[in-house]
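Okay, so here's the structure we're looking at.
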C-alpha cells in the first residue's frame, strides 16, 4: 500500500502537542507526494495546515481503528508507536478504569491512587491455573505465569518490579507475594507464607518514608527469594537489600518525613511499655521535624506500630529484642537533639554536662556518658610515632554526630534483615525459587546526588538485561515458526555502563579520590572532565565546574559533585564505634562487634546454581572489607543481582505514576510519556515494530476475514492455503507478511489495512441491504395509505346516515318526554294535598288521646301514695309492740338467773360436793400410778439394753462427781455465782449472735427473694414479648396466606434464608471436620510409613472405635459416674471383700430411689395434665392454656427420654460388672470361698437389675400415657381446623432430626407453616413456639421451686426460733438452780442424749438388716437364672450353615431379620462395604447393602445385644469412610454410598417406633420396628456422614466439570459462524501453554450436557433420593454460573454481542435439559440467573436513558460492580457497533447507587448450598428382600 493511499481523506493521524504530547486530527484533503502541507481538522472542528518535510517534519503517525482501541495488549495494535501506546493506556485507565495492560512481555501497571476491589481471594482463585492470555491483565496473571513456568520448566523465576517513587512498586510486589502465599501455601502448619507476608510491615516501617511523590516510598531496594519444594509448596524465603538511603535519618526535605518507625514510636510514647524511652511528640526531635509535617493523611502511626510488633512476634523476634530495637531507634532521636556548643575560638566545641538527651542516649544504649561526651567533640589522630587527640569544630562535630546516627541505623537495619532471613530460613531442601525484585526506577530531580547516581546506574544494568531478553524472545518466536528473520537493531547501553563501572570509570575515579588524604569533590570533578570529555555519554555543563552530565538510556541527568566523596566514604570515628562495642546491652554490642556471626545461609545458596551472598556485607573493624566504599559495595551487590536474574526467567512489571498530585484516576500524559520512555516500554514497542508485531493464527484469520474471500476460495478445505491465497491477492508486497507454522506474521499497519478492506466490504453490503429495505418499506407505506383512504370514505358515509337517524329518534323521544312530564306534575300536586289532610287529622286525634291518658295517670299515682302511707303506719305500730315484749322478757329472765346463782353458791359449801371431787382425783391418781409403773418397766428394759453404754458412762459420771465434790470443797458460793453469771453472759452472747445470724439470714433471704422476683418479672416480660411476637407472626403469616396468589412473602423468604444459613453453618462445620479428619489420617499414614509397630492393639470393649475416625461420641451405653466408681471399687477391693461389703451397692440403690422419686414426680405432673385436660373439656379452650399443656408435655417427654437413657446406661453398667466379676471368678474356681463371694455379689447385682427393669416398665407406661395425652391434644387441635386438607396430599413426614417437633402432617393440614415446598419454614416456626413453651414450663418450674425454697426457709426460721426459745428457757432454768442441782441436771441431759442416739442407731441397724435380706433374696433369684442360662448355652452348639447360595423366599413368616455371628462381623463389613462394587448390585433392589445392614441391626436389637448393635454400626461407618477416602475422586462410588447411607438413615427412622415416621408404614412394617434400642444418636452420626459424602460428591463432580465450563459456555461455537475474532497480541496464548501438543482440549456444550446427564443417570441408578439429586444438580448449575460469570468479568475478548447471543443459546440448552429430566423445579435455573442477565446485558442497547433504566430493571441478580465491569469490558467486534460511553456508565452508577448489595466483584466458586435430606420411607417390606448369590453372604441366616 502506497503512502498516498494511507494518507488519504478521512484518515486519522496523531500530531505533536506541547501540553497533551499528542493530539488527534483528521485529514480533510488527500495527500500527494511532494506536498509540503497536510490539511487537518482537529477535534474542536478547527483546521490546521501541518508542515511536513523530509528533514524537519515527517508524516504524522497514523491512528489505529476504533476496534483496536482499549486492547489488553499493546502489541495487538496495528500501528505501534508512542501516541498509539499512550492513547490506549489513557483510554483503558480513564474510561474503563483498567490499571493493568500488557505490552508484550511487560505488564504496565498504572497507580490508581485508590483502593480497588480486585485483589481478593476470589480473584486469586480465578487467576490460579489460568493461562496468561486468557484473562484480563493483572499482577496475579504475571505471578501465575511465573509459578506455572517454574513447575513446568523446573527453572527459577524472577519478577522485576520497577518504576518511579509513588508508582506502586511496593504494593505490586506485595500482591505478587500474596498470590504465591495463597496458591503455594506450605504443606504443613509452619505458616511460612504468613511469615513471608509478615516481613512487609516490618520492612515498610524501617525502610519506607513519606516523600513529595509518595506517602509510602521505599527508600531501599530489595530482592525476595521465595523457596519451593518439589511439590511447589512454600518452604522458606530470603531477602537481600540494596542501598538504604541513610541520609534520610538526619535530613528530610520540606513536606517529607523520616522513616515511619520513628513516628510510630513517638505516637505510642504514652504507652506504659514505652515510658522508659522518654519520647514525646515527633515535633520535639530534630531528626523527625525537618520536613515540617509529621503527619500523613489517613495513616495512624500508633496502629501501624501495633502491626509492626505483631509482625516481629510472628517472625520469632523475642520481646526483649523488640525492646532493644526500640531503644536503639529512640536513642537515635535523642542523639539528634544533643546540643553541641561552639567555643569562642571556633576551632573547638563542647556539650553541656546537664544535657538530658545525651543522658538518655547513653542510658538507652548502655554506654558511658563521659566517654561519648568526650569523643563527640574530639577525634584521635594516629601517626607512626605518636597519637594525638584533636578538638573538632562545631560543624565537624555535628557531621560526626549525624554520621554516627546514620551508622547506628544502618547496622540496625541490617540486623533486622538478617533476623528476618533467619525466621524465613528452612532446613528443607529447596527445589526452586521465585524472586521478586522491588527496586527503584530511573530518577531525575533538580538536584541529583550520589543516591540518584547509584539508582540510575542500577537501572542501566536492568535495562540492558531487559533489552537482551526481549530480543531473545523475538528471535525464539521467529525460529519456532520457521520464518526468515533479520537481525533487529536495538539500543545497547553497554557504553554508558562502561562509563560508570569500567576501569578509570566514574566509580573507579571516585574510589581513587577517596583514598587521597585531602581529596575533594572539585578535584574529582576535574579528573572526570579530563578523562571522559570525549565519551558520547558524558558531558560537562556549560555554567558549572562542580557537576557533570551522564546521558542515560532514558534521559540526560546532571549530577552535583558536592557530597559524593563523603557519602562514598561513609566514615565514622573509630572511638565512637569502640564505645558502642563496649555497651552493656548485648544487642548493641552485637551490632558493631567485629566477630559477629553471619546469618544463616539463604535457601538459594544450597540448591541453586547461583552462589547467593548477602547483598551488603556487615562492616568489620579495620580490615579490608570495612574499607570498601559504598560505591564498590553497591557495584558488587548489583553484579550479584544481575547474575541471579540472568540465571532465572524474568517477568517484568513496569509501574507508572499517572500524576504528581496523588489524585485518583487522573492521567497526565507528559508524566506518563516520561516514565514510558524511562522504563523501556517504548523500547519493547520499537523492537516489536521492527519485526512482525501483528500475529494471527490461521483459524482466527480465516474466521475474521472470510468476508473478503470469494466463493471459490471457500470451497477449498485447507484453511491455511485459503489464507495464503487471500493475502497474496490483497497485499502485493511479500515483505509485509510471513507465513509461519501456526501463525501469520504481519508488518506494522497491515492489520489496519485489512480492517479497512473488511469495513469497506461491510459498508458496501450495508448499502445494498439499506437500498432493498427502503424500497420495500416505501411499497408497504403506499399500500397502507390507499387502504386507509378507502376506509375513511366508508366510515364517513356511515357517519352521515347514522346522524340523520339519530335526529329522527330524538324528535320522537321529545314528544314522549313532554307527555310524561305533564302527567307527573299534576299527580304530584294531588298527592301533596292528600298528605296534608292526613297529617292534620293525625295530630288532632293524638292531642285528644294524650289528654285522656294524663287523667288516668294522675288517678293511678294517688292510689300508690295512699297504699304506701298506710303500710308504713301499720309496720310502725308492730315494731313498737315487739320492742315492749322483748324488754319484759329480759327483766323476767334476769330475776330467774339470780335465784339459780344463789342456790348454787349454797350447794358448793356443802361436804357432799367435796366427796364427789375426791373420788375423781383418786381415779386419776390410780391411772397416773399405772402409767408410772409402765414407764419404769420400759426404763428398766432400756437400761438392760444399754448396759455397755451405761458402764462406759458410769466411769465418766464418777469422775464428774469427784470433780463436783472437789469444786464444792474449793469454791465458795460467791465463786459459783460468778461462774454461773459468766456462763449466763456467754449464753446471752451466743443468743445475740444467733439473733444476728437470724437477721443476716433473713436479709439474705429477702435479697435473694427480691432477685428471684426480679428475674421472674424479667422472664415474664420476655415471655410476654415472645407471645406478642408469636401472635404478630401468626397474624402476618395468616394474612399473607389469605392474600397471596402463589407468591411467597418476603418474610417467609427471609426465614427460609435464615434457615438455610443455619443449615449451611452446620454443614460447613461438618465439612471442616471431614477436612481435619482427612488431614489427621494422612498424618497417621505418614507416621505408619516411617515407623511400623507389629501386632494389633485392641480397644477396650466399652470404648467406641469411632475415636479415631469420627468426632461423634460413642453410642455404647457408657458407664454412669456412680457405677463407674463402683466397678473400680470392686476391682480394687477384690471379689471376696466386695461380695461381703454392702456399701458397694448402696450407690446403685440410691440411683434406684432417685429414679423412683422422678417417676412419682412425673406421675404427679401427668395427673395434673389430665385434670387440666378434663377441665378444659368442659370450658372453652384458650390459646394460653393449650400452650401450657403442650409445654408440659414437651418437658415431660424430654424428661422421659433422659430417664430411659439413664436406665439403659445403668443396665449396661450392671451387665459389665456382672461379666467382669464372672471372668474373675472363673479364673479362681479352686477357691470355694471366692465362689461364694461371687455368688453373693452376682445375686445382689441381679436383684438390683430386676428392680431397674421394674422401673423401666413403669417409665414406659408413663411414656404411653404422655403420648396418649399428646394425641388427645392434637385431636382437639384437629377438630378446630378442618379447612386445609389440600395440603395433606403431597406432604411427607419431615426429618425429626432437623425440627423440634414433627407430628403427622395430616393433623396439621391447616397449619400455615406448610406453605413452602418441604415444610421447613413451618417447622422452624413450630420449633420457635415449642421453645417458647419450654421456656414457659421452665419458668413455672422455677417459680414452683422458688416457692418450695421459701417454705423451706420459713420452716428453718421457725426451727431456729424454737431452738432459741428452748435455749432461753434452759438458761432461765439454769439461773434458778443451785450448783448441785445444776451438775445433776447436766449429767441427766447427757444420759438422755446418748440414749436417743443409741435408739437411732438401733433403728438404722434394723433397716440395714431388712435391706440385706431383700437383696440376698433377689440375688438368689438372679443366680438361678444365670445357672439356667449357662446350662442352655452349654447344651447349644453352633449349627452348620448348609443351604443354597441364594437365600430363596419361602412361604413362611419371616421377620425381616438376618442373623450372623459376632466372628463374622468383619467378613460382613468387608463383603458389603470394603469390596463392594456398584455394578455388583446394579440388577437388584437399589440400596441393597443398606437393607441388608439394617436387617442385621434388627436382629441384634431383637436379641437385645447392645454391644453387637454398637459394634456393627461403628464398623459400618468407619468402613464407609475408608472406602470414600480410597475413592475420593470416583463419582460413581461416592454416589453409590451416598444413596446407601441415606437409605440406612431412612430405615433407622422408618423402623424407630416414632409415630412421626410411621405414618406411611404398612401394618407389617410397623411390626418390624426396633424393640429395645433407641438409635437416635446414631441417626445423627449417619446424617453427618451423609452430609460429608454429599460434599465429596459435589466436589468430585465440580472437579470433573471445571475444565469444561469455560470452553463449553464461552468459547465453543454452538451457533456456527456467529462469533467474531479480534486481533490478538503477544499474550494470546502465553508461554504457559504447551504449543507442541496443540494446547488444551476444547469442550463443547454437548459434552458438558452429556457429562451432566451421566451424573444424573448414575445417581438415579443407585437409587439416590430425587430430592438429593435435585440439590446436586442445583449445586452443579451454581458452579457453572460462578465459573462462567467470573471468566466473563475477567476477559475482555468475550464481552461482546455475539458472545451474549452464544451464551444465551447455551443457557437455553441447559434449561431444555432440565425440563427433559423434570428438574425445572429444583431451583437450578435460579442459580444461573446472574449469567442469564449478563448475557442479556451484552445484547441490549446501551445508549439512551431509557436503555439505562431498562438495564437497571433487568439486572437484578447482578451487583453494580459487576454491571459496570461488563460495560467497561464490552468490546465491539466491528466498526458498525458503538462503544459504551463513559456517561452511560456513570448514569447506570447513579441509578443503582442506593441499591443495597454485596460489593464483591466475583462470585464465590467455593460456596455450597446447605443440603437437606428429606425423610422418604421405603415401601419395600424387609421379608421380601432377596440376596444375590454373587455377594457370597452364605453366613447370614434369615429369621
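Heads up, the Cβ atoms here are built off N, Cα and C, so glycines get one too.
Note that TrEMBL annotation is computational and uncurated.
Features reported for this protein in TrEMBL:
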- 163, 164, 165, 166, 167, 168, 169, 170: ATP binding site (BINDING)
- 1200-1265: coiled coil (COILED)
- 1325-1432: coiled coil (COILED)
- 1101-1117: compositional bias 'Polar residues' (COMPBIAS)
- 1169-1179: compositional bias 'Basic and acidic residues' (COMPBIAS)
- 1273-1287: compositional bias 'Polar residues' (COMPBIAS)
- 8-60: domain 'Myosin N-terminal SH3-like' (DOMAIN)
- 69-759: domain 'Myosin motor' (DOMAIN)
- 1514-1794: domain 'Dilute' (DOMAIN)
- 638-660: region 'Actin-binding' (REGION)
- 1088-1121: region 'Disordered' (REGION)
- 1169-1191: region 'Disordered' (REGION)
- 1273-1303: region 'Disordered' (REGION)
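Distant neighbours of the region 'Actin-binding' (638-660): 89, 93, 103, 105-113, 139, 142, 145-146, 149, 153, 155-164, 166-169, 172, 176, 213, 223, 240, 242, 435, 437, 441, 457-458, 461, 465-466, 469, 604, 608-610, 612-613, 615, 666-668, 671-672, 675-676, 679-681; these residues of the same chain sit at least 6 beyond its ends, with a Cβ under 8 Å from one of its Cβ atoms. DSSP labels the residues of the domain 'Myosin N-terminal SH3-like' (8-60) in these numbers: 0 helix, 24 strand, 29 coil. Counted within 10 Å of its Cβ, the other Cβ atoms near residue 164 (ATP binding site) come to 25, all protein chains included. All protein chains included, residue 163 (ATP binding site) registers 27 other Cβ atoms within 10 Å of its own Cβ. The Cβ of residue 166 (ATP binding site) lies under 8 Å from the Cβ of 111, 211, 213, 214, 217, 657, 662, each of these being in the same chain and 6 or more residues away along the sequence. Sitting within 8 Å of the Cβ centre of 163, 164, 165, 166, 167, 168, 169, 170, and not among those site residues for ATP, are the Cβ atoms of 111, 214, 217, 441, 655, 657. Looking only at the binding-site residues 165, 170, the densest Cβ neighbourhood within 10 Å occurs at 170.
The coiled coil (1325-1432) scores a mean pLDDT of 72 in the predicted structure. Per-class residue totals from DSSP over the region 'Actin-binding' (638-660), listed helix then strand then coil: 9 helix, 8 strand, 6 coil. Within 10 Å of the Cβ of residue 169 (ATP binding site) there are 27 other Cβ atoms, across all protein chains.
Within 10 Å of the C-beta atom of residue 168 (ATP binding site) sit 25 other C-beta atoms, taking all shown protein chains into account.
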